[in-house]
């Protein structure tokens, strides 16, 4: 339990919007994002390289690309606000950047939900060093 707490504290320091993104993932998939997505495949978690291993990993690749388009924003530190209306995620309030970061996270969380059927436990904690193929471009 202590290790989990330390890991959570470190991750919060890495990405300010991580708590919101994690909550979105949990709400959309029912999975614990810390265990299920933090180091899934070649693109989920910090950084990415090689070829996405499956549809879930491709969600992370697209999410990385989405963040990459926000070059004038700080997607790793900006905190945003969202709520649900009739079950749908609504990105609300805040700056233009915060809303765009929220939209990137929303798209990824929905993508994870839509690809739950192809999620493979073998790609959890998949070492990025195993992702040696030529990397995709956004």
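Glycine too: its Cβ is placed from the backbone N, Cα and C atoms.
In the three-state DSSP assignment, the secondary structure recorded for residue 63 (active site) is helix. Residues annotated as active site in Swiss-Prot: 63 (among others).
Mapped onto three states, the DSSP output places residue 105 (active site) in helix. The number of other Cβ atoms within 10 Å of the Cβ belonging to residue 105 (active site), over all protein chains shown, comes to 26. Taken from Swiss-Prot, the feature active site covers 105 (among others).
Under DSSP, residue 43 (Ca(2+) binding site) is assigned to coil, being neither helix nor strand in the three-state scheme. What Swiss-Prot records for 43, 45, 47, 64 is Ca(2+) binding site.
Long-range Cβ contacts of residue 131 (disulfide bond) within its own chain (separation 6+, distance under 8 Å): 41, 42, 48, 49, 50, 51. Residue 131 (disulfide bond) carries neither a helix nor a strand DSSP state and counts as coil. If you look up Swiss-Prot, you'll see 42-131 (among others) marked as disulfide bond, on the strength of similarity to another entry.
Under the heading disulfide bond, Swiss-Prot lists 44-60 (among others). Other C-beta atoms found within 10 angstroms of the C-beta of residue 60 (disulfide bond) number 22, with every protein chain shown included.
Positions annotated as disulfide bond by Swiss-Prot: 59-111 (among others). Its Cβ taken as reference, residue 111 (disulfide bond) is surrounded by 17 other Cβ atoms within 10 Å in the chains shown.
The annotation disulfide bond is assigned in Swiss-Prot to 65-138 (among others) on the grounds of similarity to another entry. Shown in sequence order, 138 are the residues of the chain, 6+ apart in sequence, with a C-beta less than 8 angstroms from the C-beta of residue 65 (disulfide bond).
The 10 Å shell around the Cβ of residue 66 (disulfide bond) contains 19 further Cβ atoms across the protein chains shown. Marked as disulfide bond by Swiss-Prot on the basis of similarity to another entry: 66-104 (among others).
Annotation note: residue 73 (disulfide bond) sits in a coil segment as assigned by DSSP. Residues near residue 73 (disulfide bond) in space but far in sequence (CB under 8 A, at least 6 apart, same chain), listed by position: 97, 98, 100, 101. Swiss-Prot lists 73-97 (among others) with the feature disulfide bond.
The feature disulfide bond is assigned by Swiss-Prot to 91-102 (among others), with similarity to another entry given as support. Cβ contacts within 10 Å of residue 102 (disulfide bond), excluding its own Cβ and spanning all protein chains shown: 26.
Residues annotated as signal peptide in Swiss-Prot, with experimental evidence given as evidence: 1-16.
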Output field, Ca(2+) shell: CB within 8 Å of site CB centroid, site 43, 45, 47, 64 dropped:
42, 44, 46, 48, 49, 60, 61, 128
Residue 91 (disulfide bond) to residue 105 (active site): how many Å between their Cα atoms?
10
In sequence order, the recorded positions (43, 45, 47, 105) whose C-alpha falls within 10 A of residue 66 (disulfide bond):
105
